[in-house]
């Protein structure tokens with residue numbers, strides 16, 4: 001149980017945005033593609049994502065982790081916001097998150113969110129941030145699996161997997177910054193595949209909490225996701 005303190009810890013968002021988004025088949029990384037309409041504003045995916053975070057009163061700052069050759073971020077209007085800073089990322093997502101954590105005080109909590117996940121609902125974020133007062137470990141947003149799940153070998157079904165306890169891991173994921181840094185460093189040193197931040201804590205023996213989140217908190221990965229994200233953004237207005 002979290003020890004009560006006189007003041008709540010700072011919440012600092014870390015957005016790994018150093019990927020090139022090759023599956024989008026575009027001339028720029030997916031986070032710099034423009035989506036929206038007159039209601040939502042015509043902005044890049046990254047700007048929509050940052051807006052969703054900074055709209056919440058508990059989020060103090062956003063650390064955007066960009067690639068060394070990023071030619072786009074500093075052309076955005078949002079880049080001049082004093083609550084936003086950038087650091088240079090690494091080869092893999094975990095390396096980039098570690099780089100972002102270098103700009104986060106150890107006493108703060110790190111809210112790690114996909115740069116290309118712009119449809120975050122404020123009520124989901126509020127419920128996730130509430131675990132700061134309840135936990136020493138942290139937790140993640142996740143959506144329960146609804147489809148029938150199959151395990152296969154060589155393209156043929158082996159068996160149906162029981163789905164009752166299966167979840168789609170989403171972001172944001174929220175952890176004490178010092179703990180997340182320690183777990184990421186250990187997992188990387190041991191050669192463990194870190195597919196999300198929670199997996200690093202799991203490797204180190206911790207059990208992050210699951211907060212049920214909305215399934216429309218999608219990550220834009222393929223060209224067909226653009227229209228869907230734009231639709232969901234409109235519904236948030």
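All positions are counted from 1 along the displayed chain.
Glycine is treated like the rest: Cβ placed from N, Cα and C.
Annotated in Swiss-Prot:
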type	residues	note
SITE	23	site 'Transition state stabilizer'
SITE	30	site 'Transition state stabilizer'
SITE	163	site 'Positions MEP for the nucleophilic attack'
SITE	219	site 'Positions MEP for the nucleophilic attack'
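Overlay of Swiss-Prot feature records on the structure.
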| residue | record | CB count, 10 Å |
| --- | --- | --- |
| 30 | site 'Transition state stabilizer' | 26 |
| 163 | site 'Positions MEP for the nucleophilic attack' | 13 |
| 219 | site 'Positions MEP for the nucleophilic attack' | 17 |
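Between the CA atoms of residue 30 (site 'Transition state stabilizer') and residue 219 (site 'Positions MEP for the nucleophilic attack') there is a gap of 10 Å, rounded to the nearest whole number. Here the CA atom of residue 163 (site 'Positions MEP for the nucleophilic attack') lies 22 Å from the CA atom of residue 219 (site 'Positions MEP for the nucleophilic attack'). DSSP gives residue 30 (site 'Transition state stabilizer') a helix state.
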